[in-house]
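Chemist: A single structure is presented below for examination.
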């Protein structure tokens, strides 16, 4: 007879089954409610963050545009100021050159006056009198010396003012260049967007870099540069007026220049030629030493390369011997020899590197010295050329241009006078 099989396990009551279904339904509703709330909060957060990001980016673009406008305005101001100061530098340079030319022109008048007084010292007997002509000549000498002193003072003032103008221009140019660079960077920042290919995360982007200045300090710096340039240009304009007035006054009194002594020029030329000869000898020896040093450095580098290769071989041998099996991995004489070889090679390489460094430093010093010698040769060659040009130019002062002969000794033509006829001015 067949029997009813009963499954083992716990039996739940109908209320348990109903309570379980209610709990599942309640939990599902709770989870759906929670999920719905989170979704709504997420949507609100997305909207808020998206709007905030757009407004922030818009504010940033506005700030960048305002900053670009401000920097560009200052750039234009500084560019105009640079143009003005360049024009003023050129104008003051021309006035300074005019003052130097006027100062040079006074030399001929002084030379003529002294030469006339010297000639008049050759008068004899009763004709040696202090007549009105001699008094006028002595007065002319005093006036010439006075005007030369005034012109020299104006030239010195113009030189100092040019230095101040160039210093102010340098500050303006530096400020202008920095603003051009800042404009390029800000315009590049303004062009960035989410599709740009060169955007990425940066390390600590909100840091304050060293040397950061305040906005007020930035404005004051540019304003101070402009104000200083304006002040120097104003002073330069006033100085130009004073120089032109001085030139006009002195040109109304005197016109010409005096011949400089050729004995001093010849002595200077001889000294310059001797100095050039010595410098060229030093240049030749220095070049020879440089060639020898460069060859020694090449040999040092070749030896260093060879010792490096030897060290690689020793390292490879030592490393290869570490793979000997079991008891064969012993510290034999070959191991000691290789270790000593590595130490010796490393010491040799260090010594070669140190000597190469010392040799390179010595070579650099030789090149610096050669540059100094060659620069000095250039200076002295230029000075010698100028002195020779001065010699020829000053010899033309006593000889008509159409009859000028470079072989004529201008000193003997004008200065070979009796020793007792030298003029002593009161």
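Even glycines carry a Cβ here, placed using N, Cα and C.
Automatic prediction, not curation, is the source of TrEMBL annotations.
Worth saying up front: this structure is predicted, and the values here are computed from it rather than measured.
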Chemist: For which of the residue intervals 276-310, 381-415 does TrEMBL record coiled coil?
Modeler: 276-310
Chemist: Quick test of the contact rule: Cβ under 8 Å, at least six residues beyond the ends. What residues does that give for the coiled coil (276-310)?
Modeler: 341, 345, 348-349, 352-353, 355-356, 359-360, 362-363, 366-367, 369-370, 373-374, 376-377, 380-381, 384
Chemist: When the pLDDT values for the coiled coil (342-369) are averaged, what is the result?
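Modeler: Mean model confidence (pLDDT) across the coiled coil (342-369) is 89.
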